[in-house]
Amino acid sequence: MRSLSIFGATGSIGESTFDLVMRKGGPEAFRTVALTGGRNIRRLAEMARALKAELAVTAHEDCLPALREALAGTGTEVAGGAQAIAEAADRPADWTMSAIVGAAGLVPGMRALKHGRTLALANKESLVTAGQLLMRTARENGATILPVDSEHSAVFQALAGEDTACVERVIITASGGPFRDWSLERIRACTVAEAQAHPNWSMGQRISIDSASMFNKALELIETREFFGFEPDRIEAVVHPQSIVHAMVGFCDGGLMAHLGPADMRHAIGFALNWPGRGEVPVARIDLAQIASLTFQRPDEERFPALRLARDVMAARGLSGAAFNAAKEIALDHFIAGRIGFLDMAAVVEETLAGVSTDPLFGKVPDALEEVLAMDHLARRAAEEAAGLRQQKR
């Protein structure tokens with residue numbers, strides 16, 4: 001029986017993963033080693049019961065008594081806190097879903113790779129902050145990383161069986177978010193509610209706002225660089241409002257291989273769960289005649305400066321990605337709290353990168369996770385200062 005763990009089980013990716021696992025037979029088909037979640041204890045306990053999980057972990061120690069009570073008599077072990085989540089990753093599983101949002105997902109993902117099994121990576125911050133270290137850890141342990149972002153899953157599939165030396169360019173698509181047709185002045189004055197109203201995808205607040213600012217796409221450009229190893233000048237993003245084409249790969253013979261799929265994360269999750277084969281996934285099928293047209297345009301970097309900043313990070317490499325991600329997370333916190341404006345987020349990130357670029361760690365290829373965490377901490381402090389100054393100017 002195949003074993004699995006789901007980190008971030010109660011988030012949107014975790015819920016979709018749980019749904020697919022249950023459709024494939026649940027506890028009759030899989031041995032669930034570990035499930036982790038946040039404060040939604042009721043849902044975490046429901047999942048643990050349904051999958052007969054060996055271990056359930058909440059990220060918050062104060063929620064542990066409630067989890068213990070909810071799973072009393074089931075035989076499922078319970079634990080709480082960040083250290084408990086990291087230790088859960090030390091339990092070997094054939095297939096692990098890494099879906100914890102933000103830099104918090106880095107530690108369990110790294111530890112899971114050391115078993116030499118398969119890591120389905122939905123946590124893009126892991127590749128952005130520590131891509132070179134992550135990929136090296138996978139190689140050294142004979143582990144496989146499968147991308148779960150719809151764009152990177154699409155690139156992965158388009159490259160199957162291909163000679164990467166013949167790849168001329170990789171194009172990932174962006175919906176453009178809710179502001180794709182807004183003027184710069186209108187974007188500058190947008191509210192949190194407007195920023196989180198995504199036109200195509202059903203997502204959480206933070207990732208929806210990241211999509212609106214195109215910071216999500218900026219992270220994905222860096223992720224493409226780290227996962228597939230292509231030079232920055234061969235990686236680009238285009239705005240594709242229909243969200244049907246997820247990525248394209250251009251080859252040296254002039255051919256362009258495109259991957260089309262529904263705007264449903266279960267497609268990419270299902271591919272990772274069924275890999276190296278394919279299996280039934282309950283998503284809508286594409287009717288090209290009904291769609292009628294697919295459109296593409298280049299993004300406006302004046303309105304969406306995150307893309308320009310991403311190219312700087314792709315060129316610098318080292319731990320610049322860790323600084324970029326940390327600054328982005330702090331800037332997003334301040335925007336959601338109403339302390340800075342929407343366009344101030346990019347300014348905070350740019351000022352943070354400039355401020356920490358003189359640190360020896362900035363351009364260094366990390367040898368250990370501690371270096372990644374040190375740069376993350378340094379950049380967060382710098383970003384807090386930059387955001388504070390922006391707030392004073394409002």
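Just so you know, glycine gets a Cβ as well, placed from its N, Cα and C.
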Candidate from G81, G176, G177, G204 that Swiss-Prot assigns to the same NADPH site as T10, G11, S12, I13, G38, R39, N40, N123, E125: G204
Residue in E87, E194, E220 which Swiss-Prot records at the Mn(2+) site where D149, E151 also bind: E220
Cα-to-Cα gap, E151 (1-deoxy-D-xylulose 5-phosphate binding site) vs S12 (NADPH binding site), nearest whole Å: 17
Environment of D149, E151, E220, the listed Mn(2+) site - residues of the same chain whose CB lies within 8 A of the CB centroid: K124, P147, S150, H152, S153, I172, K217, L219, E223, T224, H246, A247
Rounded Cα separation (Å) that holds between N216 (1-deoxy-D-xylulose 5-phosphate binding site) and G38 (NADPH binding site): 22
C-beta crowding around G38 (NADPH binding site), within 10 angstroms: 18
DSSP-derived structure type at E125 (NADPH binding site), helix or strand or else coil: helix
Protein Cβ atoms within 10 Å of N40 (NADPH binding site), excluding its own: 15
